[in-house]
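J.: Pasting the relevant annotations from TrEMBL:
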BINDING   Gly71, Ser72, Val73, Ala74, Val75, Gly76, Lys77, Ser78  ATP binding site
DOMAIN    66-203  domain 'Phosphoribulokinase/uridine kinase'
Amino acid sequence: MPLPLSETELDALRGLGEQVDLAEVADVYLPLSRLINLQVATRQRLHETTTTFLGEQSRRSKTPFVIGIAGSVAVGKSTTARILRTLLARWPDHPRVDLVTTDGFLHPRAELVRRGIMHRKGFPESYDRRALLRFVTEVKSGAPEVSAPVYSHVAYDIVPGEENVVRSPDILIVEGLNVLQPGPSLAVSDLFDFSIYVDAHTEHIEQWYVERFLALRHTAFADPGSHFHHFAGLSDEDARAEARHLWRTINEPNLVDNILPTRPRATLVLRKDIDHSINRVRLRKL
Ligand SMILES: Nc1ncnc2c1ncn2[C@@H]1O[C@H](COP(=O)(O)OP(=O)(O)O)[C@@H](O)[C@H]1O
Ligand SMILES: CC(C)(COP(=O)(O)O)[C@@H](O)C(=O)NCCC(=O)O
């Protein structure tokens, strides 16, 4: 299969600290996008079978195929999501692919403060899970226009008035830490047609988190409006200590207690080595 992605395009999709190259895109992401592309067509036929069985008028609106992408903070979910989105949209049938990240469904900062859970950002209870479920349900039921709120890492809060509008895509990618969590009743994971868990050793992810934190001092934290601006001037040693503290008190417990237990639920697990390269792909066939 020819690779429909150039080096320059890949550069624009690669997140801070990620190392994915065109060889990995060709080896892993391109075949994965083909498998999903085939499953989208099959799933559509399955829906049509049910519509016919029920004697309903064949609706012109399609049912979007929903993909969930889960994994720890700093594991590289957003890079995976962006590459997949681009590749899926380039198959000859040109499906329209939309991407939403679940940080838009975090409770606004004031609400997290009110509930006393500012130190639990990214934990299941820090999200408005009903709003997320409602959003994906509406997209999946063919609504012409559904909007999601938008989160800003710089403001460390939901951006008032900003929205991510999804207009009846063929494929919707939902990316976020906890998207594979089951719920007491219906959960967003029940609406996934395919799901991916981006995996790596916890110690390696900690190292990536710390390195990214050091790098962010010169990019995002340098912005005077950034919630983390006070970290911009830290020495390497102090920044490392701060990042380790954030990792050990927030992101590692969330990974161990909430995110890792959802890994067996994924259709596909991409496991990364210490250099971020994907060293194993496990696909659930059942
Ligand atoms: N404090 C921050 N300021 C600005 N950007 C950030 C900050 N933390 C994370 N990011 C960016 O947000 C995106 C999502 O990060 P994260 O939730 O850790 O998931 P992942 O690394 O798995 O994609 C990444 O592109 C990352 O570089
Ligand atoms: C915004 C996040 C909760 C991730 O959100 P997601 O889109 O994965 O739901 C996370 O990147 C985050 O900011 N965690 C807080 C702790 C920290 O700053 O490391």
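Even glycines carry a Cβ here, placed using N, Cα and C.
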J.: Should Lys77 (ATP binding site) be counted as helix, strand, or coil on the basis of DSSP?
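T.: Reduced to three states, the DSSP call for Lys77 (ATP binding site) is helix.
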J.: If you average the pLDDT over the domain 'Phosphoribulokinase/uridine kinase' (66-203), what number do you get?
T.: 97
J.: Using a 10 angstroms cut-off on Cβ to Cβ distances, just flag whichever of Ser72, Ser78 is the loneliest among these binding-site residues.
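T.: Comparing Cβ neighbours within 10 Å for the binding-site residues Ser72, Ser78, Ser78 has the fewest.
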J.: Hey, of the binding-site residues listed (Gly71, Gly76), which one tops the CB count within 10 A?
T.: Gly71
J.: Is any of Gly71, Ser72, Val73, Ala74, Gly76, Ser78 (binding-site residues) within Cβ reach of ligand 2, i.e. under 6 A, and which?
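T.: Only Val73 meet the Cβ criterion.
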J.: Around the Cβ of Ala74 (ATP binding site), how many other Cβ atoms lie within 10 Å? Please give the count over every shown protein chain.
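T.: For Ala74 (ATP binding site), the 10 Å Cβ neighbour count is 24.
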J.: Neighbours of the ATP site Gly71, Ser72, Val73, Ala74, Val75, Gly76, Lys77, Ser78: Cβ within 8 Å of the Cβ centroid, same chain, sequence order.
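T.: Sorted by sequence, the hits are Leu177, Val198, Ile205.
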